[in-house]
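The next block holds one structure in the form of structure tokens; read it before the comments.
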Amino acid sequence: RTWRNKAKVKHPSTICFKNKLKVALIGQSLFGQEVYSHLCKEGHRVVGVFTVPDKDGKADPLALAAEKNGTPVFKFPRWRVKGKTIKEVAEAYRSVGAELNVLPFCTQFIPMDVIDGPKHGSIVYHPSILPRHRGASAINWTLIMGDKKAGFSVFWADDGLDTGPILLQRSCDVEPNDTVDVLYNRFLFPEGIKAMVEAVQLIADGKAPRIPQSEEGATYEGIQKKENAEISWNQSAEALHNWIRGHDKVPGAWAEINGQVVTFYGSSLLNSSVPPGEPLEIKGAEKPGLVTKNGLVLFGNDGKALLVRNLQFEDGKMIPASQYFSSGEMPVVELTAEEVKVAETIKVIWAGILSNVPAIEASTDFFKSGARSMDVARLVEEIRQKCGGLQLQNEDVYLATKFEDFIQKVVRKLRGEDQEAELVVDYVSKEINDMTVKMPYQCFINGQFTDAEDGKTYDTINPTDGSTICQVSYASLVDVDKAVAAAKDAFENGEWGRMNARDRGRLMYRLADLMEEKQEELATIEALDSGAVYTLALKTHIGMSVQTFRYFAGWCDKIQGSTIPINQARPNRNLTFTKKEPLGVCAIIIPWNYPLMMLAWKSAACLAAGNSLVLKPAQVTPLTALKFAELSVKAGFPKGVINIIPGSGGVVGQRLSEHPDIRKLGFTGSTLIGKQIMKSCAVSNLKKVSLELGGKSPLIIFNDCELDKAVRMGMGAVFFNKGENCIAAGRLFVEESIHDEFVTRVVEEIKKMKIGDPLDRSTDHGPQNHKAHLEKLLQYCEAGVKEGATLVYGGRQVQRPGFFMEPTVFTDVEDHMYLAKEESFGPIMVISKFPNGDIDGVLQRANNTEYGLASGVFTRDINKAMYVSEKLEAGTVFINTYNKTDVAAPFGGFKQSGFGKDLGEEALNEYLKTKSVTLEY
């Protein structure tokens, strides 16, 4: 019967087919199997599969899938002899009556009478952007030649070698450290399958183009074999890197070391300083390699370097390159009952792949038993599918080829014992504050520190003297997408998503302990990068960060839903309950005033709820966030759960707000940027948002207050952390009868304040965070003077290196003035007087703002205090105190100061969704 241009009547058990073809599939491998499965799924009829004979008693994956599905399978060792088609083969082929030949991956020579035989001819998949890299090792040569673009072509077969007309092509960027496997698995395999199916449908619909190939730019390279993969050392580091990765994993680039052929795998360009190590002589290399804790460092003739992670010897044994001079033996670990179950499952998987082996023993070697490179991908994927999402890398198979060694590696992976050893940190170190401070400076993505995709960096500045601390990676859109992909994979497929809540809490407690252990170093970095006074950084910036993680660690196993009585569906009964579930990938964007504490306030609740995260620190203060990333690995957080991306708000922040895979964005910053973020989040995928934005917090000081305390705490309300404080008292209302005395006392106290080096333990007031902010504050003061406010004290830059500003006091500030309406975010006290006894009048003035983050009142009258606290329109009200936040108390604003809460139990709800479940019984 004819399948093309026929539609079946729709019945519950039938599929409607239209414009579908009878296809002969000629080829092999997992790729061929997937193309076969997808063509069948799309309704095309595969009338015959022509593949290679069984090898070592094992059928090709394509043959297995077709036989299981009842499709006729033909296994011919060859199609022709002495240039002529074998009669029996030709007859078998013609018997299936194909309308189109599809060759997804084929290593055999197919005669032209077969190629041209069907009505629609034959189409072929080729893994390069033709006419470049014709031939059998196209992916290898794409990397060897340093191409910036890779891709594939689906073309119409002709009598030339990969010269037929193009049907369709797809391309992707080649990333700096891509290998053949990585490029194939990331793009050429999944997108190639889709493209082959698309091409068949285009032919079925009569819409398939035939675009002649140009000979301009055409290249042909031969098959890369082991004998011609030897490394030629008189090349640049990049050329050496391209040669090694272009041969990774097959056939493997090699060199002679100590009289033995050694194959190199896992190459990456070394963009940081060369770590210390032990020299290793390599035949033909001008300069010895260097065995370091990170791997084997090799040098090009341009003075630049590359890093090789793994080495394989002639006997097939592969080791981490860092262990070249040591045995590298790991102690045998005892398996728990749960791990024994995993081992048994893996044993079944090995037996399925190594079907020619009678029984899988401890000493069974995966490759010596007949496994090939394509079986590695199958093993990794089957384990992921059948062992609860356990994510192995192809590398893990090559490094542990015996079954007993492989199980040991899997167990260590399950326990997270291999993570710390894998972390490579290239620090910027400084001797300062009587210690050695080690600061990571690269993007932190998927458990690794890495340079930005395009290699860009920027200077982060010490506000104390204006000097450059170091250059930090300047993340690109590609880096953001990588981080989000890592976070998504960690949440959906990794151990984080399967982890018990109590175990999650244990990791968070461990991280808090590490932060406390490193508190002096973290406080020093905070002082260097943000200008925070060291003693304040130690107590507040770092101290409260530790408290926050401990508080939310305790919540991990206490997140609960509820049962709800509903009307029963009689005569049956119903049970309705709710579940609190994590949202998925969350983005967090934090400001520069409390770099680590703002990170902790948001990320601790996010992680306690079970989400993964991508965090963008403020561009001017990235260093404690990156140090936090390092500590998270040491605490045992799985790869991809925490990702830190330094860079600009316009690039990184905007991409995070638009990214379709992010389900929640938490932001602290200005109201203007908050509005832009909210809009982007809505337009993209309606992601959940919480915003902690600008403030103009009023502080009302009544004449019945305890004046000494009001002066002391009023100053703290304004000058705490140099005024760079989201809840700073943006405007003080002082009752008329005590106004002048209050101002006098404030000025007296300001004169006692020591302005200077934040690392000096006696310093009260450090530099403003960055130069642009200092300039903005000076302009703010100029505006106040021009409008007629009285500058009582300060208003100037301190004459010394760095970004220091005098603590400033303005009085006679009227409600219409710029100073009365806009936040300074600096050490500027704005004082307005109000008539004695006018409680409602001052409340009206205090609430006459679009902001509502915090507020305060000083009075001895408890009734007055409670009345004022009830009327003030702010998320936090302080009575006879100020700046007293606590990890257990919810924090957030009203009106244009944002919505959503940090801290306390309420913060968890920002990172959870509620699912309602009803069952009948």
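The backbone N, Cα and C atoms fix where each Cβ goes, glycine too.
Keep in mind that TrEMBL annotations are predicted by a computer and have not been checked by a curator.
Taken verbatim from TrEMBL:
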BINDING   Gln108, Phe109, Ile110, Asp162  (6R)-10-formyltetrahydrofolate binding site
ACT_SITE  His126  active site, proton donor
SITE      Asp162  site 'Essential for catalytic activity'
BINDING   590-592, 616-619, 649-654, 669-670, Lys776, 823-825  NADP(+) binding site
ACT_SITE  Glu692  active site
ACT_SITE  Glu692  active site, proton acceptor
ACT_SITE  Cys726  active site, proton donor
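Relative to Cys726 (active site, proton donor), the binding-site residues Phe109, Ile110, Ile590, Lys616, Gln619, Gln654 all have Cα atoms farther than 10 Å away. With respect to Cβ neighbours within 10 Å, the recorded positions His126, Lys616, Lys776 differ, and Lys776 shows the lowest count. Of the chain residues outside the (6R)-10-formyltetrahydrofolate site list Gln108, Phe109, Ile110, Asp162, Leu103, Cys106, Thr107 have their Cβ within 8 Å of the site's Cβ mean position. Among the recorded positions Asp162, Glu692, the residue whose Cβ has the fewest other Cβ atoms within 10 Å is Asp162. Among the binding-site residues Gln108, Phe109, Asp162, Gln654, Lys776, no residue is found with its Cα located within 10 Å of the Cα of the residue listed as 'active site'. Of the binding-site residues Gln108, Gln619, Gln654, Gln619 has the largest number of other Cβ atoms within 10 Å of its own Cβ. Cα of Lys776 (NADP(+) binding site) to Cα of His126 (active site, proton donor): a distance of 59 Å. The shortest Cα-Cα distance from Gln108 ((6R)-10-formyltetrahydrofolate binding site) to any of the binding-site residues (Ile590, Lys616, Gln619, Val651, Phe825) is found for Val651.
If you count neighbouring Cβ atoms within 10 Å for each of the binding-site residues Phe109, Phe825, the highest count belongs to Phe825. Phe109 ((6R)-10-formyltetrahydrofolate binding site) sits 15 Å from His126 (active site, proton donor), taking the CA atoms of both as reference points. Within 10 Å of the Cα of His126 (active site, proton donor), the following binding-site residues from the list Asp162, Ile590, Val651 place their own Cα: Asp162.
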